[in-house]
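Undergrad: This is the feature table in Swiss-Prot:
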- Glu340: active site (ACT_SITE)
- Glu206, Asp290, Cys394, Asn397: Ca(2+) 1 binding site (BINDING)
- Asn412, Leu414, Glu416, Glu419, Asp422: Ca(2+) 2 binding site (BINDING)
- Cys314-Cys394: disulfide bond (DISULFID)
- Cys354-Cys378: disulfide bond (DISULFID)
- Cys410-Cys439: disulfide bond (DISULFID)
- Cys421-Cys434: disulfide bond (DISULFID)
- Cys423-Cys429: disulfide bond (DISULFID)
- Cys433-Cys456: disulfide bond (DISULFID)
- Cys452-Cys478: disulfide bond (DISULFID)
- Cys465-Cys485: disulfide bond (DISULFID)
- Cys497-Cys509: disulfide bond (DISULFID)
- Cys516-Cys566: disulfide bond (DISULFID)
- Cys544-Cys554: disulfide bond (DISULFID)
- Cys561-Cys603: disulfide bond (DISULFID)
- 203-399: domain 'Peptidase M12B' (DOMAIN)
- 407-493: domain 'Disintegrin' (DOMAIN)
- Asn263: N-linked glycosylation site (CARBOHYD)
- Asn269: N-linked glycosylation site (CARBOHYD)
- Asn377: N-linked glycosylation site (CARBOHYD)
- Asn523: N-linked glycosylation site (CARBOHYD)
Amino acid sequence: MMQVLLVTICLAVFPYHGSSIILESGNVNDYEVVYPQKVTAMPKEAVKQPEQKYEDAMQYKFEVNGEPVLLHLEKNKDLFSEDYSETHYSPDGREITTKPLVQDHCYYHGHIQNDAHSSASISACNGLKGHFKLRGEMYLIEPLKLSDSEAHAVYKYENVEKEDEALKMCGVTQTNWESDEPIKKASLLVATSERNRYFNPYSYVELIITVDHSMVTKYKNDLTAIRTWVFELVNTINEIFKYLYIRVPLVGLEIWKNRDLINVTSAANVTLDLFGEWRKSYLLPRKIHDNSQLLTAIDLNGLTIGMAYVSTMCQSKYSVGVVQDHSKINLRVAVTMAHEIGHNLGLTHDGVYCTCGGYSCIMSAVLGDQPSKYFSNCSYNQYRRFLTEHNPECIINPPLRTDIVSPPACGNELLERGEECDCGSPENCRDPCCDAASCKLHSWVECESGKCCNQCRFKRAGTECRPARDECDKAEQCTGRSANCPVDEFHENGRPCLHNFGYCYNGKCPIMYHQCHALFGQNVTGVQDSCFQYNRLGVYYAYCRKENGRKIPCAPKDEKCGRLYCSYKSPGNQIPCLPYYIPSDENKGMVDHGTKCGDGKVCSNGQCVDLNIAY
């Protein structure tokens, strides 16, 4: 049994309030200073392991607004995979890869005692730094850089001055053709054994974060500061995704120390495409992982602070996102990265029917003044559909763990160091691949599980393991050399589909009728081309794109790439040109990226362009 040291922090002196101060998170107008003093309380059965620097569990006691609080913390043991590595590049381009010891780290999750809705994400590396939610309000805590090293500042998130007044938005505009209307609760209770395979135990998104050269410049070549910033990001991302039963272990950190390895520009869509190609060609063959996010300090175009592909988790090129390091507050950047990973997991922007209990939700198209750490009801339902429809195998396998430190015991049904399997006692073992006496696989075993594994042996090469979902998707076949079905691939973008009504885009065939059907239901019919002339107006709902908050009217050749219009017909009601427009989510109801707008032409960023330009 893992032994735990409990640590209690009490106040050495009374806290006091300050009116204004400049902290790492920015200018803070109202803050509280506390002086924690560490007092250890050792239960008789708890003995700290001598090689361990940071405890597995801790408690911190301090006051907030005169109210005593007890903060319980537990080490986030899913923060790193066992094979975590870091790579940077020499001036002549050579890869320099190290495997730092990260098992005994200082990043924690927690909660406030007697507050069931509280949460916390804290770094205890040098004092306490992070955030916690208390009585429904978000607080930040950080050490003060004073001669008295015990001083900490505690302040409400709302008391941090805004860095600027501009809205900050995700650059994703494509919808997934699914309605955001509430799904009956009963449907959430229907779970087949196949679905249960994904929800219990946790899913794992093995993540590599790539830091570009602009970040190195921003942090003045301080790689330690970059590592700390990234670790805090991933710690918070894990706290966010736990509500979806997803763990996000960091398997690697790439730092482009001397120069960028792709052309990183402010055009988010271009950078995203180039990063996806680099990941597929160079990063994935070198390091197995499920998803990679590019973190950049470059100011992305317009109001965009992030962009990612939708429903592409586990795909070699498209399981990526681009995130701007847009704030001094780590939480805001973490929420942005969680949002983009959410897109990869099949989540689209929340609509008017979506809620997460009164907060601005993770998948809101606009980052709120107080960023939420919660997913909406729509996101939960979309994620479940993504799992059952796409079968993303890569997130099923757990990463190598770093937290099993007790001696292995064969027969306890726990996979521990030195064991290849553990199916329990020989009398109870039901695993034909495992020798229960030795906890080793039988010598003839080729595999244990996977879509290309049957009775502990690889399925024959050519056996279909993932059928094509539609004419834009490819069927995958077993190789005869692996238990895993090959990476999900689809036909090239621009391939004609649906009897030439559309062109393939990222494995789907986007056409206007399908988008209208998803937005308005079955009472829609084909729309008249004349309706799209409204998009030439450049008014509040009818336009092609936005630049610096200004709505740009469509040129005549681009009018089919702005607001979508649908022909709606029901008993006693006929609307020939019905737009879908919601002020809170103006991007929803725009014509999807990749939709056909003419022969050999598709919509791309609000313009009707030739296929060879778009793809």
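Glycine is no exception: its Cβ is also placed from the backbone N, Cα and C atoms.
How about a rundown of where these features are and what they're close to?
TA: Listed in sequence order, Cys170, Gln293, Gly306, Met307, Ala308, Gly321, Val322, Val323 are the same-chain residues at least 6 apart in sequence whose CB falls under 8 Å from the CB of Glu340 (active site).
In the three-state DSSP assignment, the secondary structure recorded for Asp290 (Ca(2+) 1 binding site) is coil. Sequence-distant neighbours of Asp290 (Ca(2+) 1 binding site) (same chain, six or more apart, CB under 8 Å from its CB) are Tyr204, Val205, Glu206, Leu207, Met313, Cys314, Ser319, Cys394, Ile395, listed in sequence order.
For Glu419 (Ca(2+) 2 binding site), the same-chain residues lying six or more positions away in sequence with a CB closer than 8 A to its CB are Pro408, Cys410, Cys439, Lys440.
In the shown protein chains, 21 other C-beta atoms lie within 10 A of the C-beta of Cys394 (Ca(2+) 1 binding site).
Around the Cβ of Cys378 (disulfide bond), 25 further Cβ atoms fall within 10 Å across all displayed protein chains. DSSP assigns Cys378 (disulfide bond) to a helix.
According to DSSP, Cys410 (disulfide bond) sits in a coil region rather than a helix or strand.
Around the Cβ of Cys421 (disulfide bond), 20 further Cβ atoms fall within 10 Å across all displayed protein chains.
A C-beta separation below 8 Å, combined with a sequence spacing of at least six in one chain, links Cys429 (disulfide bond) to Cys423, Ala436.
According to its DSSP assignment, Cys433 (disulfide bond) is coil. Counting only residues at least six positions away in the same chain, the Cβ atoms of Cys421, Leu441, His442, Val445, Cys447, Glu448, Cys456 sit under 8 Å from the Cβ of Cys433 (disulfide bond).
DSSP gives Cys452 (disulfide bond) a coil state; it is part of no helix or strand. The 10 Å shell around the Cβ of Cys452 (disulfide bond) contains 27 further Cβ atoms across the protein chains shown.
When secondary structure is read from DSSP and collapsed to three states, Cys485 (disulfide bond) falls in the coil class. Around the Cβ of Cys485 (disulfide bond), the same chain contributes Glu393, Gly450, Lys451, Cys452, Cys465, Arg466, Glu476, Cys478, each under 8 angstroms and 6 or more positions distant in sequence.
Within its own chain, Cys497 (disulfide bond) has Asp470, Glu471, Cys472, Tyr503, Cys504, Cys509 as residues 6 or more apart in sequence whose C-beta sits under 8 angstroms from its own.
Taking the Cβ of Cys516 (disulfide bond) as reference, residues of its chain lying under 8 Å away and at least six apart in sequence are, in sequence order, Val524, Val527, Leu564, Cys566, Ser567.
In the three-state DSSP reading, Cys554 (disulfide bond) counts as coil.
Listed in sequence order, the residues of the same chain lying 6 or more apart from Cys603 (disulfide bond) and placing their CB within less than 8 Å of its CB are Lys560, Cys561, Val591, Asp592, His593, Gly594, Thr595, Cys597, Val609.
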Undergrad: Which of the three DSSP states, helix, strand or coil, fits Asp422 (Ca(2+) 2 binding site)?
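TA: Reduced to three states, the DSSP call for Asp422 (Ca(2+) 2 binding site) is coil.
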Undergrad: Should any of the recorded positions Asn263, Asn269, Asn377, Leu414, Cys434, Cys544 have a Cα within 10 Å of the Cα of Cys354 (disulfide bond), which are they?
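TA: Those near Cys354 (disulfide bond) - Cα within 10 Å - are Asn377, in sequence order.
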Undergrad: For Asn269 (N-linked glycosylation site) and Leu414 (Ca(2+) 2 binding site), what Cα-Cα distance in Å is obtained after rounding to a whole number?
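TA: It is 45 Å, counting Cα to Cα.
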Undergrad: Taking the Cβ of Cys554 (disulfide bond) as the reference point, list residues of the same chain whose Cβ is under 8 angstroms away and which are at least six residues distant in sequence.
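TA: Sequence-distant Cβ neighbours: Phe532, Asn535, Arg536, Gly538, Tyr543, Cys544, Cys561, Gly562, Gly606.
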Undergrad: Given the recorded positions Asn263, Asn377, Cys378, Cys434, Asn523, which lie close to Leu414 (Ca(2+) 2 binding site), meaning Cα to Cα within 10 A?
TA: none
Undergrad: What's the CA-CA gap between Cys378 (disulfide bond) and Asp422 (Ca(2+) 2 binding site) in angstrom, rounded?
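TA: If we compare the Cα positions of Cys378 (disulfide bond) and Asp422 (Ca(2+) 2 binding site), the gap is 39 Å.
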Undergrad: Looking at the recorded positions Asn263, Asn377, Asn412, Asp422, which has the shortest Cα distance to Asn523 (N-linked glycosylation site)?
TA: Asn377
Undergrad: Near Cys434 (disulfide bond), which of the recorded positions Asn263, Asn377, Asn412, Asp422 can be found within 10 Å, Cα to Cα?
TA: Asp422
